[in-house]
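K.L.:
Please read through the structure below; I'll follow up with questions.
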Protein chains: 2
Amino acid sequence: MNAQLNPLQQQAQTLSESVTTPIPGSTKIYLEGSRPDLRVPMREIALSPTPKLFGEDVNHPFAVYDTSGPYTDGAVSIDLLKGLPAVRAAWIAERGDTEVLPGLSSAFGRTREADPALDGVRFAHRLPPRRALAGGNVSQMHYARRGIITPEMEYIAIRENQRIDAITEAHLLRQHRGQNFGASIPARITPEFVRSEVARGRAVIPANINHPELEPMIIGRNFLTKVNANIGNSAVSSGIAEEVEKLVWSIRWGADTVMDLSTGKNIHETREWILRNSPVPIGTVPIYQALEKVDGRAEELTWDIFRDTLIEQAEQGVDYFTIHAGVLLRYVPLTAKRVTGIVSRGGSIMAKWCLAHHKENFLYTHFEEICEIMKAYDVSFSLGDGLRPGSIADANDEAQFGELETLGELTQIAWKHDVQTIIEGPGHVPMHLIKENMDKQLRECGEAPFYTLGPLTTDIAPGYDHITSAIGAAMIGWYGTAMLCYVTPKEHLGLPNKQDVREGLMAYKIAAHAADLAKGHPGAQARDNALSKARFEFRWEDQFNLGLDPERAREYHDETMPKQAHKVAHFCSMCGPHFCSMKITQDVREYADRQEVEQGMAEKSKEFLAQGAEVYRPE
Amino acid sequence: MNAQLNPLQQQAQTLSESVTTPIPGSTKIYLEGSRPDLRVPMREIALSPTPKLFGEDVNHPFAVYDTSGPYTDGAVSIDLLKGLPAVRAAWIAERGDTEVLPGLSSAFGRTREADPALDGVRFAHRLPPRRALAGGNVSQMHYARRGIITPEMEYIAIRENQRIDAITEAHLLRQHRGQNFGASIPARITPEFVRSEVARGRAVIPANINHPELEPMIIGRNFLTKVNANIGNSAVSSGIAEEVEKLVWSIRWGADTVMDLSTGKNIHETREWILRNSPVPIGTVPIYQALEKVDGRAEELTWDIFRDTLIEQAEQGVDYFTIHAGVLLRYVPLTAKRVTGIVSRGGSIMAKWCLAHHKENFLYTHFEEICEIMKAYDVSFSLGDGLRPGSIADANDEAQFGELETLGELTQIAWKHDVQTIIEGPGHVPMHLIKENMDKQLRECGEAPFYTLGPLTTDIAPGYDHITSAIGAAMIGWYGTAMLCYVTPKEHLGLPNKQDVREGLMAYKIAAHAADLAKGHPGAQARDNALSKARFEFRWEDQFNLGLDPERAREYHDETMPKQAHKVAHFCSMCGPHFCSMKITQDVREYADRQEVEQGMAEKSKEFLAQGAEVYRPE
């Protein structure tokens, strides 16, 4: 059988086996919704009982939000050559508002499909594309505004609640009251709440009808803060199998969406492989591919080439498009005196085009036509910030904020068409200027979800920009950003490898969760409480498994205390077995109990004396 | 010669060679003060000229604050067996208020010195201890309050200004106006400003008279934010040579002070090796050693044992002591209902003692006697937060804030004795509760410098707590914390190795600098501007060398673009050579210039018309 597979297919088959390692200590579970084909995945972490020393407690299994898809389900057999099961296919079909097309609508797509030279790299099980019936609108926003609760919305409601109602232990639900800067987070997420948030544009469900493999998720300030990971090959690196592996690797570490930023050859084919194997929304920057089509000469871009690219990608199933429609001709000269000019690739492509033709950005002038395409497939806008600051010096300047105002104007147009929209944000911003970004975005864009890259809070740490930016990301997440675009340690220096993707994601899962805690998101603290309890009770395995990266935690513990016996030791490497801070708490608890008893007795005694010290009181 | 050295001495000699690698692209320079023996070290980074494409610029060498001591000075020969040169010795002696003692005053110190079994681990060149003349006070605060500007203060003023006045390029000095929450940061630091800040207790110069090797530095909210690194062996790990290596490694990566938290055997001897080879202030937690002296039985601790330990360490030259004098008996039961009880080692030792004796903490009842010892050697207080929260759940509770109030009361007593004082802070705190900590600390402790551990903003990422805590550290630094105690990736899991120390320090140098930027510290942005300019102009080597970790940055760049030619390439791995965002800025600049010229011409033409369009105007 293998003999018939080409090298890429062989790679994919090998990969199929390697990407299905379950996460240590966890089991995949599914919560069923109102219909049997609505099964929301979660990852359940098994916990051990509290040791006697700390008071014997059961510690029920703890379920966490799970982005990793079927890959971590031991019961599912993965074949990257075939793609994932199409969990949404029936929901899309039964709405009866779409048609299956006889073939691809884009000229470029048809050319690629007909080219025999691409047989070796083409994904074999391409689905026939689907499109809204003529003049129709299949966006989740359109349904929401007509009062329809889609299965996607119900799925999301279950997913966002993270099975919090199954938690019976009061101490796990104990949580600080948050500070949410005007967000409207309910105690429980209902399908109706999801619908209403999508209807008013405050949340987005990126869910192209040509991406039925998708496990629905939502982006909005009143939901859990999300994280995006960028992957993609470039002119100087990486192939298709490597990108698929990065995708699976990204979702394993918690990426809620993945952007494919490929710029090299075979972009079209790489994207197909990624989409067919992705349970998370995939975003792209279509202008990157359009630029490839004109051999990198930005001035030769045309609306027709771009339009064909949008349709090509929409029919593959891309869930959101970054569109730099806010880079207006008049803003371009405002960047001339910057320390780092225009650093967004899309932004500079459009700036170059505007200057070359001395005309307004064609993405802006054709914006309503773009909306027509978006609604026929339910592709969401991610309005790009082409003029975002590339250095601390350039933060919050006229160019950046001018563009943001235009993005606000475009949001209104998109919403007029019931097209879902998120807004991209910076970039490099010192801490004290971050909130101004958030406040202005909320004001200008009518609370459309903000999606920021970091921001990086200083420029002086190349090699550590996952950290410079996690600081800014946590803060802006707290202030209201709905999704954080990760930054890896390779930022500014090179292309991320697998380990960089993991490092970047961990930094951003931390930022997102810190933001949820600070906002007071219902139930957000339960995992912190469970982990801290495990830590305090020296349940080492539980501490590792409740963490964001069980493998790393175990590995680090092994370095100092390698023996398996140490995993159940009631001490740590800081103090050693001789003296232990944690153990003293037992003394403290006994003391406090005794004190309470004594106080109780003293009060009783006082009461007794006050009542005349009679042992037998007359009734 | 080597034949006479024991194994430790041989290790130290080998180490002497390995720890003196200069930092790439940098040269050690010294700025001379008002006297020839006042030479303030800085690290000067050589820069290359701007390539023609970007407009040809000179780019003068850039000088940065340097904590690395003589180790990175190619002109100094290092011998760990002898210790560093005593740069402050003359200053201390010439003040004429101290005496050289005939021998160690502490009983324990004398026992160790007399023990022939310790010959193999003892540092051979111990200095004779020095103490204030009877009844005297040799603290920098005492001098400051009498109007004396010490050489230490002048040294610090030069150091803090970071040679900013030598920067002539306007774009490097361009900086956002900060938000400093009531700090009083002057445009330039003068020796008189240093004196006044120390006098009012708002800043501390940790500088024991028995640590003449020290390069003076200051901790206070109106100065650059500082970073502390913890090292130290424990019952389960590491020897003397390893700890000295960690010290040198820490200061190489920017540690402003180092705490020796050793708990194993030979603590006394390890400390001596560290102090004699340390150009940065060394802090300790004396109760750790006192506990060793009573074989780990907290209830057997006595004031006499503790007092002898203070004197022992003060005469070795420890610059600041963490003293958990705020753990009062009445606060202890308040921790009983916590998720993680008491997690501070010092805090739990004192809690145990209090409970066992049902008496008030002896550090509290003997506090004025401790002050007498501190002022005889100029040891600074670091008032420990023994009841700091060990989990998000326990943040900002009654126990924590009760102790903080007591630390405020103790600060007033210390100040009455002219003893320098900093206050330790948490711990684990969600983002939205961080500012309350800072505000309360400033209020309760009269602006005495705050010194916080993180805080960690979530509990769910064991293995990544340098990041969970760098977020909190950056924020609390912005709000006013003067020094940030680093957290390494091994926190909660094991003892940090060299790489962990580097990771922890990088995360914290980022946090400290991000805080300085947000506070608007004068000149803080100059390095960001210089690096961003280098980045934008594809001066790769300059970008690496201006960064916090030039080696890591170069290594990462090498991974994608390994060739030396790539280090001068005018493109990066993101876009490749074909299309480059950065290059487009040149077009933008030309366009903006042309536009300006055209606008100028249009205005001239309008003016001309307005004046009647006469080519020759009558005068």
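One is the number of the first residue shown, and numbering goes on along the chain from there.
Including glycine, each Cβ sits where the backbone N, Cα and C put it.
Caution: TrEMBL annotation is automatic and unverified by curators.
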K.L.:
Suppose a student reads TrEMBL and sees B:Asn230, B:Met259, B:His324, B:Ser344, B:Arg345, B:Gly346, B:Asp385, B:Gly386, B:Leu387, B:Arg388, B:Glu424, B:Tyr451 listed for substrate. Which of B:Tyr288, B:Tyr479, B:Tyr508 should they find annotated at that same site?
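P.N.:
Checking B:Tyr288, B:Tyr479, B:Tyr508 against TrEMBL: the substrate site match is B:Tyr288.
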K.L.:
Examine the ranges B:1-20, B:41-60, B:101-120 and name the one recorded by TrEMBL as region 'Disordered'.
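P.N.:
Here TrEMBL associates region 'Disordered' with the stretch B:1-20.
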K.L.:
Given the binding-site residues B:Asn230, B:Tyr288, B:Ser344, B:Gly346, B:Arg388, B:His492, which pass a C-beta cutoff of under 8 Å against chain A? Sequence order please.
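P.N.:
Out of B:Asn230, B:Tyr288, B:Ser344, B:Gly346, B:Arg388, B:His492, B:Ser344, B:His492 lie under 8 Å of chain A.
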K.L.:
Taking the Cβ of B:His492 (Zn(2+) binding site) as the reference point, list residues of the same chain whose Cβ is under 8 angstroms away and which are at least six residues distant in sequence.
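P.N.:
Within the chain, B:His492 (Zn(2+) binding site) has Cβ neighbours under 8 Å at B:Pro462, B:Asp465.
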K.L.:
Against which stretches of its own chain does the region 'Disordered' (B:1-20) lie, if we need a Cβ under 8 Å and a gap of at least six residues from its ends?
P.N.:
71-72, 74, 78-81, 119-121, 239-241, 244-245, 248-249, 252, 273
K.L.:
Sort out for me which one of B:Tyr288, B:Tyr451 has the most neighbouring CB atoms within 10 A, since those are the binding-site residues we care about.
P.N.:
B:Tyr451
K.L.:
In DSSP terms, helix, strand or coil for B:Gly346 (substrate binding site)?
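P.N.:
It is helical.
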K.L.:
Whole number in angstrom, please: the longest C-alpha to C-alpha distance across B:Asn230, B:Met259, B:Tyr288, B:His324, B:Ser344, B:Arg345, B:Gly346, B:Asp385, B:Gly386, B:Leu387, B:Arg388, B:Glu424, B:Tyr451 for substrate.
P.N.:
19
K.L.:
For B:Gly346 (substrate binding site), which residues of its chain lie six or more apart in sequence with Cβ-Cβ distance below 8 Å?
P.N.:
B:Val285, B:Ile287, B:Tyr288, B:Thr322, B:His324, B:Val327, B:Gly384, B:Gly386
K.L.:
According to DSSP, how is the domain 'ThiC-associated' (B:22-99) divided among helix, strand and coil residues?
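P.N.:
For the domain 'ThiC-associated' (B:22-99), the helix, strand and coil counts are 13 helix, 20 strand, 45 coil.
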K.L.:
What same-chain residues, at least 6 away in sequence, bring their CB to under 8 Å of the CB of B:Ser344 (substrate binding site)?
P.N.:
B:His324, B:Gly384, B:Asp385, B:Gly386, B:Leu387, B:Arg388, B:Gly390
K.L.:
What does DSSP call B:His492 (Zn(2+) binding site) in the simple three-state scheme?
P.N.:
coil
K.L.:
In terms of DSSP three-state secondary structure, what is the assignment for B:Gly386 (substrate binding site)?
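P.N.:
Coil, per DSSP.
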K.L.:
For the region 'Disordered' (B:1-20), give the DSSP counts of helix residues, strand residues and coil residues.
P.N.:
15 helix, 0 strand, 5 coil
